[in-house]
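**Q** Can you keep this structure in mind? I'll have questions shortly.
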Amino acid sequence: MTTGLHEFNLASRRAEEAAARRFQAVQWLKSVVGQLGIPNQPSEKEFISCLRNGMILCNAINKIHPGAVSKVVENYSYLNGEYQLPPAYQYFENVRNFLVALETLRLPGFEASDLEKDNLESGSVTKVVDCILGLKAYHECKLPSNGNGLYKHVKTPTFQLSATKIHPTLSASKTSRHLDMSSVRERNDCTDGESDKLKGIAKLFADHIFSSKENIDENLVSLENGSENSRANFEKILSRFPELQSVFKNLLSEGTLKPSDLKSMPLEELPVHEEDQSSRSLSHKTKCNHKRLLKTQEKELAVLKNLFIKTKQDFKEFQVYLQRDLMELGNQMQEMSSAAQGYYKVVEENRKLYNMVQDLKGNIRVYCRVRPIFNSEMDGVIDYIGKDGSLFVLDPSKPYKDARKTFQFNQVFGPTATQDDVFRETQPLIRSVMDGYNVCIFAYGQTGSGKTYTMSGPPGRSATEMGINYLALSDLFLICDRRKDMMTYEIYVQMVEIYNEQVRDLLAENSSYIRTCSSDDDGLSLPDATMHSVNSTKDVLQLMEAGEVNRAVSSTSMNNRSSRSHSIFMVHVRGKDTSGGTLRSCLHLVDLAGSERVDKSEVTGDRLKEAQYINKSLSCLGDVISALAQKNSHIPYRNSKLTLLLQDSLGGQAKTLMFAHLSPEEDSFGETISTLKFAQRVSTVELGAARAHKETREVMHLKEQIENLKRALGTEEWNNVSNGSKEIKSPFSRPIATTERTPPRLRRLSIENCSSTKANLEDRRGIKSPLASRRAQILSLEGPMSCKNEENGKGDPTMEVHQLKNPRSPLSSYQNRAVKVDGRTSIPQLQLLQTPVKGASRNDIQMISVDSKTNGKGSHIRKSLRTIGKLINGSEKRKENIPADPRSPLGVANNFSHIKSPDTSNAKTMRRQSLTGVMPPGQERSRRSSIGGKPIENGKKDHVFTPFRLNKFNN
């Protein structure tokens, strides 16, 4: 324990003494040269790094002895604070010149290798410090004597020892006799064995000195200052150790040094003349070492130079190769880029062609979306999702080779798909709404599979989590802004839900129920629902939030926020272009309630009732899809309110898309397979090509003409009814009741006559009902148009009504009165079958002549004429159910044999007139009368054909 503490104290004192000597050397160099750029108490590495380039040493020796170093290389500044390895020539030249100057001044030096940073051996730093302190002593000795003073450098006795070195500085004159261990070491430097012995002596001497516990520091300081005689003090120290005297005496007498035989010897017997000899030998050896080191460094420098030249050439070759490879790589990248562009172009064209084929076939597009697994520890049933729309699922109850099931859809979105990815695929379909097409997108799947997330987004959604409802409206507003120079759009929205088979308005203040589900001509499936106009996405977001608040939502064991109703978000678009054409379309965004199993959802009470209604409506939807897939003649749309509202979308003339949502957990495998099979069945449904709801300006003009025609016909027939009812009161003008036994001859009439006239026989009691206007409308459209009237009808078309009025006297004749009615309408040239009409008057025979000019396209008016044809067929059916009036002289030809002519006074009068040959003017009579009188001819213009007989009148 005592020995270890002694060694620690000894090492500490030695380190302090070495630091003190370095401090003295640095302070002296700063006073001579200037700032060195190192701390006042530097470490050994910092001290050596500062002196490595030799500039400081050369400048210091030139200060002491001007001209000692003739050339100093000064291209490296030691004041910059960066101690980097200087160039080799500067290192060797400055250090070599400094060592040569030291040799000239006969001052102790050191080896150039002592300045190597990586070669700090024991005692190397001590040599450099001793050299600088020697320069200091030489400088101080030279100043008082004006350059002629005596100088004696005293080195540290243990400068060769790293672990036991001490650094006292001793100053004395050269003539003084003292123990100089450096002289002994230099004298015996020629033999390595003696050097080892000297080291042992010095170590033993140092141990004895420090073990004496004397205050040597004060003595050393006094010796350094020159206040005391160093020789006397040293002799005093040695006198206390008689064994050292015997050791030195034996050493000098025998010529050999052994640590075990050390004896004391007097200091006077130490040789002094050998000091110069050892110094010269050391200087010669140092010079030889410097030359050898310089040659070695020159050889290494030449090798490095050759290596640098070779490396430079290799670098140039490598640069050429690199440029060539870069050019080849650029060409390959360009080819790959061109190929990739061509590939994507072909893919886009194929996609457009595929969508075109789908539009022509009218198939329902089916997209499948798989939500992420909520519990990461559970295994999923989704095995593979392909980019081509393929989907592989695994049945957990079967082995792997038999468990895989394959499905194919238009597109499949994996768990990592975002809302924007889903909307990007549906965007072309949604944008077709702005072109006049009806579009329906509905989400189908098990409860908790993510339907509401896809359509509306999660509660408290961010901008990146918005559903298709919001993104679709935002895209429609963007298109409206782009087309504002060509089209003017108006967008309206409705939001309803089907809750327990009742339609409820979600945007109404009281969320009232809508009892009727009808479809009007304006394209509204629910005209009673509240409709709101929207102009920005902000309006849409507010309405969506209001509707979601009113929607029926509840919590079950399968889903914390389960939708208990079918939500339908309807977007109505009305557009008008600059030419006056219009379009209308509707976008249905349907969020179906999820199918659920009651045993898994664990619902009771009202929730159970809701689940039953939900499953029933989804079952009806499945029945409709199956009927459409099998192309049945009857589609059960009316089995559910859901299918009734989706009738326009599923029944054709619309573009339809279904999202099939899947839950990937194993416990939901049954519902997943059911959803996939339903989606696969939906994908086989062909609805036919969708039809755009556009109307050009010409079509609108033709429809307006049809409406004007209908109004004109109604006004004209009402006038005819009014005039006919006023002229039935004369008792003298009742026509003869005759029978017609042959059916009408339409073909013969069309050949013989060029005019289109009709006979409207009214009831003898007069017309008492406005239904005659419809009969007149029917009769006005029966028969061909008159060629003569078509030639003469260049002015305004008119209708002429000829009536036979009662004469004021028996001898007066009937006069024809023509009532012209403005009917600027176009009557098509159609020949319809003649229908027998009841209700002809016994007093008057009404003749109607229609003269109008036909213009416009018949194809655009055909729809209106079909409507009129339905009225005709309807009137025929009604007439078949009404029994014939026995008082009417008119009837069907086949029933004439069962009808007897009334024996009235008027008939007798007519018979007498026929016998006498006197007939009232204008009185019509049949050629097939029972008397056989000659009928009156009217060759002027009126040839009237009735469904029962052909009469000719003469004026």
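Note that Cβ sites are derived from N, Cα and C of the backbone, with glycine treated the same way.
Sharing the features that Swiss-Prot gives for it:
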type	residues	note
BINDING	Gly445, Gln446, Thr447, Gly448, Ser449, Gly450, Lys451, Thr452	ATP binding site
COILED	692-719	coiled coil
COMPBIAS	894-916	compositional bias 'Polar residues'
DOMAIN	19-140	domain 'Calponin-homology (CH)'
DOMAIN	363-685	domain 'Kinesin motor'
REGION	878-942	region 'Disordered'
**Q** Counting across all protein chains shown, how many other Cβ atoms sit within 10 Å of the Cβ of Ser449 (ATP binding site)?
**A** 28
**Q** In sequence order, which residues at least six apart in the same chain have a CB under 8 Å from the CB of Lys451 (ATP binding site)?
**A** Ala443, Tyr444, Gly445, Ser563, Asp591, Leu592, Gly594, Phe659, His661
**Q** Give the residue counts of the domain 'Calponin-homology (CH)' (19-140) per reduced DSSP state, in the order helix, strand, coil.
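**A** For the domain 'Calponin-homology (CH)' (19-140), the helix, strand and coil counts are 73 helix, 0 strand, 49 coil.
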**Q** For Gly445 (ATP binding site), just count the other CB atoms lying within 10 A of its CB, please.
**A** 27
**Q** Could you check the binding-site residues Gly448, Gly450 and say which one's CB has the fewest neighbouring CB atoms inside 10 Å?
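**A** Checked Gly448, Gly450; of these binding-site residues, fewest Cβ neighbours within 10 Å: Gly450.
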**Q** Which residues in the same chain, at least 6 apart in sequence, have a Cβ under 8 Å from the Cβ of Thr452 (ATP binding site)?
**A** Ala443, Gly467, Arg561, Ser563, Asp591
**Q** Given the model, what does the mean pLDDT over the domain 'Calponin-homology (CH)' (19-140) come out as?
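**A** The answer is 77, the mean pLDDT of the model over that range.
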**Q** I want to check the contact list for Gln446 (ATP binding site): same chain, sequence separation of six or more, C-beta distance under 8 angstroms. What comes out?
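**A** Set apart from Gln446 (ATP binding site) by at least 6 residues yet with Cβ under 8 Å, we have Gly594, Ser595, Glu596, His661, Leu662, Ser663, Ser668, Glu671, Thr672, Thr675.
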